[in-house]
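Going by TrEMBL, these are the annotated features:
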| type | residues | note |
| --- | --- | --- |
| BINDING | Q117, F118, I119, D171 | (6R)-10-formyltetrahydrofolate binding site |
| ACT_SITE | H135 | active site, proton donor |
| SITE | D171 | site 'Essential for catalytic activity' |
| DOMAIN | 346-423 | domain 'Carrier' |
| BINDING | 599-601, 625-628, 658-663, 678-679, K784, 831-833 | NADP(+) binding site |
| ACT_SITE | E701 | active site |
| ACT_SITE | E701 | active site, proton acceptor |
| ACT_SITE | C735 | active site, proton donor |
Amino acid sequence: SQSWLANHWVRGALGDWGPWERQHYYQNKLKLAIIGQSLFGQEVYSNLRKQGHKVVGVFTVPDKDGKADPLAVAAEKDGTPVFKFPRWRVKGKPIPEVVDAYKAVGAELNVMPFCSQFIPMNIIDQPKHGSIIYHPSILPLHRGASAINWTLIHGDKKAGFTVFWADDGLDTGPILLQRECAVEPNDTVDTLYNRFLFPEGIKAMVESVQLIADGKAPRVPQSEEGASYEGIQKKSNAKINLAQPAEAIHNWIRGHDKVPGAWTVIDGQTVTLYGSSMLGGSVPAGQPLEVEGASQPGLVTKNGLVLYGTDGKPLLVKNLQFEDGKMIPASKYFSSGESSSVELTDDEKKMASEIRNIWKSILSNVPAIEDTTDFFKSGAASMDVVRLVEEVKQKCAGVQLQTEDVYMATTFQDFIQMFVRKLRGEDQEEELVIDYATKDVNNMTVKMPYQCFINGQFEDAENGKSYQTINPTDGSVICKVSYASVGDVDRAVEAAKEAYDNGPWGRMNPRDRGSLLYKLADLMEEHQEELATIESIDSGAVYTLALKTHVGMSIQTFRYFAGWCDKIQGKTIPINQARPNRNLTFTKREPLGVCAIVIPWNYPLMMLAWKSAACLAAGNTLVLKPAQVTPLTALKFAELSVKAGIPKGVINILPGSGGMVGQRLSDHPDIRKLGFTGSTPIGKQIMKSCAVSNLKKVSLELGGKSPLIIFSDCDMDKAVRMGMSSVYFNKGENCIAAGRLFVEESIHDEYISRVEEIKKMKIGDPLDRSTDHGPQNHKAHLDKLLEYCEVGIKEGATLVYGGKQVDRPGYFMEPTVFTDVEDHMFIAKEESFGPVMVVSKFKNGDVEGVLHRANDTEYGLASGVFTRDINKAMYVSERLEAGTVFINTYNKTDVASPFGGFKQSGFGKDLGEDALMEYLKTKAVTVEY
């Protein structure tokens, strides 16, 4: 094997390879026989060759209906010897001619990635290193040919695969390596295979071969403890037993999805069920459907077919396939299924002719493609479905076509009709259906969507789970909200990726994109009172502030970035190679793709606007997770985005937990950017996950302990008024709140006496127009604030006012003032994120000393200084280590001014042109002409 490498060295052959690939290329290499078939076999073959091993022969199955197996196609293209034996033995004995042909290739190792044929033991044992086989289960569990099916049928929590040394038993040989993964609640054979077993299995086969080549491959005998063997699952034995609990039915259906397909009998005909999930929430209304053998009738709902187990629990089935191969959404079972045919234009007829040629190239065994030709009855398999979809999308850029569409339009005529409707956008005309939670409040009826918003539709979480969102004014339940799962994240990202890659958003003229964002801002303005009311009851924001800031600035933000859409420009750059040749180098600013946005609970709508407006203006699509405790304005925003005409899939909103939804967004390989506002510890975890997953771009707006320095030469009235606002604005739930005030010694006592004006602040119902101070956002936060104050008292700080919960229903806290705060104290270092003023004095005239103390923190979000001395103000502003410095003012943010922190307050900017750059990438193009 080493001499083969030496004899086939070509100078420069490895020039395009990276260091890792070169390193593996120079390792020991083997002569391999690949025995098997399928796309998996093809990928294993290609990757082994790429790593420098020599494939001396490929042994695969004969052509079927005139079509070669993918492994054979790849090998023949490379000039690798290919053998297509129908069988290897007759009446239990090896066929001599076949054995001789195999021996002639001189393999040192047999690699069997997927093989449906029975290979004789004298072939298995012939090579120097024997044979290795891939098996899709964690052996000794689930021996047999249907291992993936049985992993799901049995409801296993873990799945995986084994690479083992072939022996004369049934999957009993010694183990070389194993890998495992968690099984998601709604995994199917397809999703489990595509997510883990296929991609990781390819890597493992290549790794195994290299271990053998290096003499490091283990041979671990299989234990018989826990061993199991199940038979092959075929269509004939895949009938669903409906007389069992719902979870067992669900596992049976997903354990056969897509192959061989679990079936039952409905209205006298065999119907195959796909896309099963357990329903954890309420069952929507629907039309009863008798299903043979079921404990009670099913229910055809807008979401699909609901079936019940013997335990009374429901499960949901998304799609149904009939005996003729036609697949429909289960929700459409009672629809006639007949729709009037559309008349094709001349251009559409040309496209239909090109698609007919694609069908012909795939169905090469069919003499002619007629209108009635059925794709599957003509011999097409699942791989052909993928090929058809991809070739049509390549030929007709922009059409949104999925594999499910082929199953639902199996004849050529139906396929063309479906294709033309998609091309015209007629398939997107279905009216948006919203189940509102309504509430009569603030002299109006507010209508609040409460479901996940995915691909332009509101729908329950995949697992049916929900949670209660609470009004902090009185602790009452506003409504139940869908609790998104990992599966919902994956579907939302898939929708966003499809919208970016193939939808109208990616092809849209930037000025048209800006027009849609302007329209969205207009709709937000039309609904501003409703949005502000929802914001008040969900977050506790005082209504007047919610109207002006939470909602008002959100509208301004979308209008500002709508204006940027057609002004995103690159540069022309002179380069040294410009003479004597004629060269031009220019740059382009391009969108990143699918972006994730995770926002906090203090300004739910405004934080959404600050990040998503820039993201959308740049041309990206997004998946946004609102804070779990304040999801309602984000979901109302989703409704308005549809009314504005934003195409489906561009905006997706997923309420739920950070640990589940946020983590999956951080880990997801199809997301290219994540913008996060929240705590520093969570920001660090997100940054780590984004790096490990796919090195996605990150912008972080994190914690702060913003210093406000008040010099004795300040305008005292203004400094008191602004100082109070810097702390108590929005109940102190403000990322740039002044976390620590430094007051010059000579005015300290007067300043504190003036600040006691807070006693006059009206605490109460945020919907009352005269209220100054509303409830804290949620109970856990209130409890943390009370604990924060207790720590301050224990450490010796002087509590001047407040520090207690207000004696009334809800989560109200007294505005609080601490003085005599020393630098070592907890409250001097950590932010409260609440209405707590922390005051320290500094010596008269000690500018350098107070600057040192102000900067002695790991945070650097904002800062402020009050003085009439402009020289002192500018000097201090230059020395303060913070992303924003306010001079003789505070909290004065504007949509055109960049906002973001230094140090552990994060990096990246919201607002202004800088924010737009966070969602763009720069491409350099050099042309010689």
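A Cβ is built for glycine as well, from the same backbone N, Cα and C atoms used for every other residue.
Keep in mind that this is a model prediction, so the values were computed, not measured.
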Recorded positions clustered about D171 ((6R)-10-formyltetrahydrofolate binding site) [Cα within 10 Å; pool: H135, I599, Q628]: H135
K784 (NADP(+) binding site), number of other Cβ atoms within 10 Å: 13
Summary of DSSP states over the domain 'Carrier' (346-423), given as helix, strand and coil counts: 49 helix, 2 strand, 27 coil
Site with most surrounding Cβ atoms, counting all protein chains shown within 10 Å, from the recorded positions H135, K625: K625
Shell of the (6R)-10-formyltetrahydrofolate site beyond Q117, F118, I119, D171, same chain only (C-beta within 8 angstroms of their C-beta centre): M112, C115, S116
Cβ neighbours of F118 ((6R)-10-formyltetrahydrofolate binding site) where a neighbour is any other Cβ within 10 Å: 9
Those residues of the chain, 6+ apart, with a Cβ under 8 Å from that of M660 (NADP(+) binding site): A484, S485, V486
Among Q117, I119, H135, C735, which are recorded as recorded positions, the nearest neighbour of K784 (NADP(+) binding site) by Cα: C735
Nearest of the recorded positions (Q117, H135, C735) to K625 (NADP(+) binding site), judged by Cα-Cα distance: C735
Rounded to the nearest Å - Cα separation of F833 (NADP(+) binding site) and F118 ((6R)-10-formyltetrahydrofolate binding site): 68
Among H135, I599, Q663, C735, which are recorded as recorded positions, the nearest neighbour of I119 ((6R)-10-formyltetrahydrofolate binding site) by Cα: H135
By Cα-Cα distance, the member of recorded positions Q117, F118, H135 nearest Q663 (NADP(+) binding site): H135
Among Q117, Q628, the one of these binding-site residues whose Cβ has the fewest neighbouring Cβ atoms within 10 Å: Q117
Cα proximity to F118 ((6R)-10-formyltetrahydrofolate binding site), best match among recorded positions H135, Q628, E701, C735: H135
Those residues of the chain, 6+ apart, with a Cβ under 8 Å from that of the residue listed as 'active site': F676, T677, G678, C735, L861, F899, G900, G901, S905, G906, G908, D910
Spatial neighbours, same chain, of I599 (NADP(+) binding site) - Cβ under 8 Å, 6+ residues apart: M607, L608, K611, L624, K625, P626, A627, A634, T677
